[in-house]
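Swiss-Prot lists Arg88, Gly126, Thr127, Arg128 with the feature phosphate binding site.
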Amino acid sequence: MTRREDGRLDDELRPLVITRGFTEHPAGSVLIEFGHTKVMCTASVTEGVPRWRKGSGLGWLTAEYAMLPSATHTRSDRESVKGRLSGRTQEISRLIGRSLRACIDLAALGENTIAVDCDVLQADGGTRTAAITGAFVALADAVTYLSAAGKLSDPRPLSCAIAAVSVGVVDGRIRVDLPYEEDARAEVDMNVVATDTGTLVEVQGTGEGATFPRSTLDKLLDAALAACDKLFAAQREALKLPYPGVLPEGPPPPKVFGS
């Protein structure tokens, strides 16, 4: 089989590195690297929930996505300087939030909020899928932090793992984890978010200048789910290590009558 320009097989992921505890202050902080794409994902815990959720007893999870000005070959102005977020930034932020909310029992958080921030340090395609995959690991660490602080009503609020990958048709062949060079000329481009229980959270697919048959869609999904299985294995391996920071001390146990 002819290999891709970067030497990979069609079903092969780029070299993947997940570094926990990348920064000190958030409850969860991860640097995830898919080849040359590098995204910092943090999960911060704050007391309280949005106004529309107050009094419900439920927690909330929100997400923001951004790219550093020099994340690509050509520097771009910060969106904060422009005074408004682009449609792309808003779309990806919402995608990350939806994806992570699919795996967590918000009732277990009480009225606390987990804010997930995904900042692209270097972009070479697949930034949104890398952000989701890394953000799940940061979220898992934030849950560990909340559990240690005694703030969870359920000690295991995560029902599954979440990962995402890009797939596409390039040069007539189905390929996974597209770098920018392949993404820019793909005949079909798709992002797939999945759970480690085999279900789908979201599928975003587009024919770039051409249509594609149902059979191609099925093959793309098969390739994406197989790639996600590898991502789940990498997440599990990363999370085997102890929590990378200092955990808070939970509230003291209630006194027993007569003690």
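The backbone N, Cα and C atoms fix where each Cβ goes, and this holds for glycine too.
Everything Swiss-Prot records as a feature, shown here on the structure.
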residue : record                 : Cβ contacts under 8 Å, 6 or more apart
Arg88   : phosphate binding site : none
Gly126  : phosphate binding site : Phe34, Thr37, Val165, Ser166, Asp177, Leu178, Pro179, Asp183
Thr127  : phosphate binding site : Thr37, Val39, Met67, Ile92, Val120
Arg128  : phosphate binding site : Tyr65, Ile92, Leu95, Ile96, Ala164, Asn191
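Those same-chain residues not listed among Arg88, Gly126, Thr127, Arg128 yet with C-beta within 8 angstroms of the centroid of the phosphate site C-beta atoms are Tyr65, Ile92, Val120, Ala123, Gly125, Thr129, Ala130, Ala131, Asn191. Under the DSSP three-state reduction, Arg128 (phosphate binding site) is assigned to helix.
Between the two most distant C-alpha atoms of the annotated phosphate binders (Arg88, Gly126, Thr127, Arg128) there are 14 Å. DSSP gives Arg88 (phosphate binding site) a helix state.
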